[in-house]
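Below: the structure, in structure tokens.
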């Protein structure tokens with residue numbers, strides 16, 4: 001069995017007593033080698049989760065382990081790109097890549113960085129770059145580190161569709177070649193849907209869905225039919241128009257398709273339904289269950 | 001050794017990030033050294049030229065020498081001012097270093113978010129801070145040592161008629177090892193202020209205030225840092241180079257009266273009467289001889305280094321607690 005890229009146990013984070021919990025009681029496991037979409041509405045705790053995994057913050061409670069060790073110990077093997085793409089404004093593009101080599105002497109892969117940063121004006125100061133160019137440079141810095149785990153917070157937000165497509169292609173090629181685990185957060189699912197095989201859905205500071213995207217989708221069904229009791233299935237969301245019932249349910253055993261018109265929901269429908277129904281219970285597939293400390297082999 | 005090699009990369013990045021500031025600082029230090037050397041040589045030349053002439057600055061110059069002596073004193077005074085100005089800049093240096101470390105170096109990274117880049121490379125936050133401090137520490141060690149040495153040399157070489165008092169704050173704080181201790185202290189306070197306050201302008205303000213207050217307080221209480229010697233007697237023979245701490249009257253039982261009670265007496269008879277009334281038999285003077293220069297320097301340096309170490313320990317501890 002492959003190891004865990006990230007394993008959180010009862011992870012919680014607060015930025016001060018008045019502001020409440022940014023993340024609370026988060027337990028999940030992300031197996032290594034996955035491309036994971038970390039989705040959720042604004043303020044759900046996605047950035048906090050990524051910062052904790054990157055070792056930028058210390059958890060207020062619980063623990064997070066990354067690549068089998070603490071985030072601090074795993075620092076050389078993690079790359080992180082923050083939402084606002086901070087870079088040293090007074091350095092040029094070439095200087096920034098040089099700094100990447102100086103700060104990651106053991107792992108720096110110049111060719112990988114150049115593949116991403118190639119189209120950028122090498123002598124331009126970072127402060128003169130456009131948002132999209134900064135994203136490209138930040139990603140070049142992250143890929144040049146040749147990490148085992150990439151934590152990308154809203155990476156693509158500043159990019160036009162063409163650049164997004166191109167960078168995503170490069171990123172996926174690198175990940176496939178080196179077996180890199182990638183966690184990409186976004187509040188726009190469609191941005192990630194095509195590329196990711198794993199899903200973490202965070203809402204209100206908690207993980208509500210976690211696991212292989214296919215398995216999560218397959219665990220749910222969109223049913224329509226005459227209004228009646230849906231037991232034993234878990235109803236995530238339902239709507240009745242006249243005697244017609246439309247519902248998104250979590251399957252607990254087979255669905256009777258003689259009574260119901262059953263279709264598979266899209267991932268987006270699934271997430272929207274969960275967003276509208278905060279009381280729906282969380283679902284983690286077996287691979288996404290945190291194994292506590294006992295599982296140490 | 002391994003610490004040194006792992007610091008090399010981050011330190012080089014720090015130098016690249018702040019290269020303009022470092023160039024300017026280096027240029028100013030060089031300018032200071034040149035100004036001091038030129039002033040010293042010029043002063044010596046002016047003194048030589050005057051002394052080989054017919055006039056003397058001592059006593060009554062006489063009609064023909066009045067103007068040359070006056071010109072000579074004016075020139076020498078103006079030149080000795082150059083030393084004072086350089087010394088003032090050297091005294092302000094700890095504040096400037098602290099401001100630079102607190103603001104542009106540390107708080108700006110925390111404020112603008114670039115710390116997220118620095119801390120997610122292969123270098124731990126502690127190494128990042130160590131590199132941020134190693135660079136200014138190395139530069140201030142070199143720069144301040146050279147400036148202090150050249151200033152001390154220039155003061156003695158110029159040999160102007162304006163005497164240099166070793167205990168003068170402007171002299172004492174800019175000679176010996178104190179300039180280094182002050183600068184190092186300023187840097188460490190800057191580091192702690194930057195990490196604590198996390199915003200550029202407030203951080204550099206706090207750093208300057210704390211460093212300024214601490215150094216002013218130490219200068220104020222400098223006399224207390226080493227036990228003074230005491231001179232007693234009916235008349236006091238105060239010599240040149242003594243740093244007066246306290247003077248007053250002594251009674252026959254040896255009790256000290258800090259107020260010179262009888263100095264306001266109208267006549268000599270009144271004064272004697274007054275002395276008898278107060279049972280005053282002599283005077284005392286607490287003072288530091290010039291040989292206390294090094295003891296006081298070393299005690300003050302010790303205090304500053306201890307405070308600097310405390311600030312550093314707090315800074316690293318805070319960084320560790322925040323990032324895990």
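Backbone N, Cα and C define each Cβ position, glycine as well.
Caution: TrEMBL annotation is automatic and unverified by curators.
Here the transmembrane segment (B:20-42) has long-range neighbours at 79, 82-83, 86, 89-90, 100, 104, 135, 139, 143, 146-147, 150-151, 153-155, 157-158, meaning same-chain residues at least 6 beyond its ends whose C-beta is under 8 angstroms from one of its own. The transmembrane segment annotation in TrEMBL covers B:20-42 (among others).
Beyond its flanks by at least six residues, the transmembrane segment (B:87-107) meets 14, 18, 21, 32, 129, 132-133, 136, 140, 144, 147-148, 151, 170-171, 173-174, 179, 182-183, 185-187, 189-191, 193-195, 197-204, 206-208, 210-212, 215 of its own chain at Cβ-Cβ distances under 8 Å. Taken from TrEMBL, the feature transmembrane segment applies to B:87-107 (among others).
Annotation comment: TrEMBL describes B:128-154 (among others) as transmembrane segment. Residues of the same chain lying 6 or more positions beyond the ends of the transmembrane segment (B:128-154) and with a Cβ under 8 Å from any Cβ of it are 3, 7, 10-11, 13-15, 18, 22, 25-26, 29, 32-33, 36-37, 39-40, 83, 86-87, 90, 93, 97, 100-101, 105-106, 115, 118-119, 174-176, 179-180, 183-184, 187-188, 191, 195, 312, 315-316, 319.
Annotation source TrEMBL lists transmembrane segment at B:174-196 (among others). Tertiary proximity for the transmembrane segment (B:174-196) is limited to same-chain residues at least six positions away from its ends with a CB under 8 Å from its CB atoms, namely 87, 90-91, 93-103, 105-107, 110, 129, 132-133, 136-137, 140-141, 144-145, 147-148, 151-152, 166, 203-204, 206-207, 210-211, 214-215, 293-294, 297-298, 300-301, 304-305, 307-309, 311-312, 314-315, 318-319.
Among the features that TrEMBL reports, transmembrane segment is placed at B:203-221 (among others).
The transmembrane segment annotation in TrEMBL covers B:294-316 (among others).
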